[in-house]
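Only one structure is covered here, and it is reproduced in the block below.
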Amino acid sequence: MATIGRRAYAEIFGPTVGDRVRLADTDLLIEVEADYTLRAGGYGEEVKFGGGKTIRDGMAQSQRTRAQGAVDTVLTNALILDHWGIVKADIGLKDGRIAAIGKAGNPDVQPGVDIVIGPGTEIISCEGNIVTAGGIDSHIHFICPQQIEEALASGITTMLGGGTGPATGTFATTATPGPWHIERMLQAADAFPMNLGFLGKGNASLPDALHEQIEAGVMGLKLHEDWGTTPSAISNCLDVADATDTQVAIHSDTLNESGFVENTIAAVGGRSICAFHTEGAGGGHAPDILRVVGEENFLPSSTNPTMPYTVNTLDEHVDMLMVCHHLDAGIAEDLAFAESRIRKETIAAEDVLHDLGAISMFSSDSQAMGRVGEVVLRCWQTAHKMKLQRGKLPEDSERNDNFRVKRYVAKYTINPAISHGIAHEVGSIEVGKWADLVIWKPAFFGVKPFTLIKGGTIAMAAMGDPNASIPTPQPVHYRPMFGSYGGSLARSSLTFVSQAGLAAGIKERYGLAKHLSAVKNIRNVRKKDLVHNGYTPKMEIDAQTYAVRADGHLLTCDPAVQLPLTQRYFLF
């Protein structure tokens, strides 16, 4: 039987079992765990499109119609990187969803085919490329709509948060307050090739105004200290969430005016709640908000300006905070408020807590102490930094960093999906889910995607000069594709709403074009449900020195002096 060398095979069909791939210029190596394209019984039945290749009539392309089982699109020979595995496979898409993950081809002439290619099937060649689920950014200040294009170009396909534009309240808080603003933001969502979901204002001591917002269509509620996150507001907001199966996100009381972290934990009362920027630089009980990392009902996340900890982190934060929270540097109390939130000890511990799987999610805090286009990038920078500083994780072999990579990819994909009740639609590459996929060339992994697929349609891509004779000539930059225009846009993206809002008929009442998907199964979520990131240590934070201990171990790390995924990727 004819054979081919491993290097030649990888160059033609992409890596297979046992091959390793470096992620961009990081020190992270992944190894292919399984190859689903071998379901034909071994090598030799791979599919590939092009002149002289196998996806041709009567070969790997069958005569079957769509009604007879042919899929709409196949991503061939993709290296899937997801929380559940790192595998080589063909991916079949149909009706905007992932229809199958396995072996594509023509079942009339090939064995082991579970994805049928027909005359009506489009091909996206992924040989040598990595495919991840679209990222989810769960901490968005909707300050300007241009954030959405920036986020999409970085690999984010779902944005959750609140706001009404460049209003003072939105500069500081992720809340879309009241039915009128909620209706307007849901109508605006129809214009963007992005899954969107909005949080209402949760700061109230009586329930009626919160129920009103849930019924208007918000997918959850936000408690923010700038609106007064008191124990009574916390308890009332969670009562409404329990009654409506929605999530609550909390930014607690930095100044400890209405109580300390113990009082907030008591007011939450064991109920599920998302804790944003859990380290505290972004806000929360000073200096010990990190205590909540040890609570099983708190679902902790970080925002990206403190991640990873570098020699520049502390210097930029005070000025950034003053602007975001409408503070005046000429007022001593305002300056003290800002400085109380910036602590190098807790920022250093944050990196380590991520590596331990104790902080479960990444997000941006867009334009409000965070960078909307750097969620994915900073996540992988942190993984790289922790490998250099802490070494291999015990779950990883000497050959690869597969477990660490799965832990970190889960932080911006499946875990925010689970936490916010949207995991039935997005957050992973699994059959039945919305086909939001990001294709990366390995050399650019985590920093610059190659192609972005929304609901089965290409919505954005790194595209060359439109007047060139081929697609590749410079300048290559991110350009919207057909999935970002016209009726295709509305059919390729979702808007997440409450069950109550969907039942109230807001789609028709507001005249919405996008498909509305109701959040669900939220109120029983616990930290142990968050994939690869469910560690709940006993947390201790020294009120004088700010030293952080988890299960008795001091957590600290040095600031990075240099990082991957930086200047060499941004020369132009």
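Cβ atoms here come from the backbone N, Cα and C positions, even for glycine.
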Which of His211, His251, His317 does Swiss-Prot put in the same Ni(2+) 2 site as Lys222, His277?
His251
Can you pick which of Asp19, Asp351, Asp355, Asp365 Swiss-Prot lists for the same Ni(2+) 1 site as His139, His141, Lys222?
Asp365
Rounded inter-Cα distance in Å - His325 (active site, proton donor), His251 (Ni(2+) 2 binding site):
13
Pull out the binding-site residues from the set His139, His141, Lys222 whose C-alpha sits within 10 Å of the C-alpha of His277 (Ni(2+) 2 binding site).
His139
Here the recorded positions are His139, His251, His277, His325; which one has the lowest number of other Cβ atoms no more than 10 Å from its Cβ?
His325
Averaging the per-residue pLDDT over the domain 'Urease' (134-572), what integer do you get?
97
Mind telling me which of the binding-site residues His141, Lys222 has the densest Cβ neighbourhood, counting other Cβ atoms within 10 Å?
Lys222
An 8 Å radius from the center of the His139, His141, Lys222, Asp365 Cβ atoms defines the neighbourhood of the Ni(2+) 1 site; name the other residues of that chain inside it, in order.
Ile140, Gly161, Gly162, Thr173, Thr174, Ala249, His251, Phe276, Thr303, Ser363, Ser364, Ser366, Ala368, Gly370
In whole Å, how far does the CA atom of Lys222 (Ni(2+) 1 binding site) lie from that of His251 (Ni(2+) 2 binding site)?
8
Expressed to the nearest Å, what is the distance separating His139 (Ni(2+) 1 binding site) and His251 (Ni(2+) 2 binding site) at their Cα atoms?
11
